[in-house]
Amino acid sequence: MPEGLITKALSGYYYVQNDEGGHTIQCRGRGIMKQRGQSPLVGDRVIYTLTDNGEGAVERILPRKSALIRPAIANADLAVLVFSVVRPELSLILLDKFLVHTEHAGLDAVIVLTKLDRIPDGEVGDQIRRNVEAAQALYRSLGYKVFLTSAHQGTGLEPLKLALAQHINVCAGQSGVGKSSLLNALVPGLTLETNEISMKLGRGKHTTRHVELISLQGGGYLADTPGFSQLDFAELGIDEIDSCFREFRPLSHQCKFRGCSHTHEPSCAVLDAKEQGLIASSRYEHYVSFLTEWKETRRRY
Ligand SMILES: Nc1nc2c(ncn2[C@@H]2O[C@H](COP(=O)(O)OP(=O)(O)OP(=O)(O)O)[C@@H](O)[C@H]2O)c(=O)[nH]1
Ligand SMILES: [Mg+2]
Ligand SMILES: [Zn+2]
């Protein structure tokens, strides 16, 4: 039976790219899979059969290396966290939340700051530029690659292409930050739909409505996804937030108390590191805020 890769899922159909010919077959899922509670995701490698009407049926999902529920994708190994520097403005708390999510899922992440061409002149622009530089320095010091780009001017794309090659990459970020625009700039000939941010709401309109894998020239794939800004720790099944802050990890086991929350306990290595300026105050503050949020969601369940 033929094997392939699901590149898109839309209106009950799975679009499966055949491994040998590279052509795409429109497939239905098999009822039996639904009974087993299995539901195919974009990124899944599957075995399918051809049906009489020229379509196909997904028979079996091959074992997954990873699965994300937000955005829904299987087998991704690199998350591309896209943030615009203006419209919408860069939010480090949201960036840290996405990082908690990817660390928990065991995915490596790169950070792409985009719309650099849109920074205004004058004092406001100078302040934005300083914030961008500080963010770049902070996240690079944590070991994340940070790329500064403009999809409109086509700048900063070559080093990003190198980082994405050969991976199954998934884009994530708020609506309107420019994920689809970035993909269009990275892949020659691609024309994904993009849209002006709604003036009234000051936020994106959710132009992209489905997850789709796009082949990269240098090998590998990049998934465009609908934007989202809400991440619920309970939904994600995250239980230990401190282990998702990578700079806390080597410190936590030096705390005096096991299960230290790093908020008030004596002889806490994380608090000590924060006092000494070895942990950025924004990172620590976001940790505390996530911890509070996590406790509240747990209480509700
Ligand atoms: N000036 C400038 N505008 C950009 C850039 N990238 C994207 N935009 C604009 O930002 C708006 C949103 O871009 P999209 O690519 O549709 O954003 P998205 O992240 O795919 O949004 P969703 O599909 O809703 O999640 C569009 O008006 C784009 O033209 C850029 O590098 N510079
Ligand atoms: Mg989009
Ligand atoms: Zn501690």
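The backbone N, Cα and C atoms fix where each Cβ goes, glycine too.
Here the Cβ of Thr114 (GTP binding site) has 27 other Cβ atoms within 10 Å, regardless of which shown protein chain they belong to. Annotation note: Thr114 (GTP binding site) sits in a strand segment as assigned by DSSP. If you look up TrEMBL, you'll see Thr114, Lys115, Leu116, Asp117, Gly173, Gln174, Ser175, Gly176, Val177, Gly178, Lys179, Ser180, Ser181 marked as GTP binding site.
DSSP assigns His262 (Zn(2+) binding site) to coil in the three-state reduction, placing it in neither a helix nor a strand. His262 (Zn(2+) binding site) is surrounded by 25 other CB atoms, counting those within 10 A of its CB over all protein chains shown. The annotation Zn(2+) binding site is assigned in TrEMBL to Cys255, Cys260, His262, Cys268.
For 65-231, the entry in TrEMBL reads domain 'CP-type G'.
Annotation comment: TrEMBL describes 74-229 as domain 'EngC GTPase'.
Among the binding-site residues listed here, namely Cys255, Cys260, His262, Cys268, His262 has its C-alpha nearest to that of Leu116 (GTP binding site).
When the Cα of Cys255 (Zn(2+) binding site) is compared against those of the binding-site residues Gly173, Ser175, Val177, Lys179, the shortest separation belongs to Gly173. Between the CA atoms of Ser175 (GTP binding site) and His262 (Zn(2+) binding site) there is a gap of 33 Å, rounded to the nearest whole number. With Lys179 (GTP binding site) as the anchor, the candidate binding-site residues are Cys260, His262, Cys268, and the one with the nearest CA is His262. In the three-state DSSP scheme, Cys268 (Zn(2+) binding site) is classed as coil.
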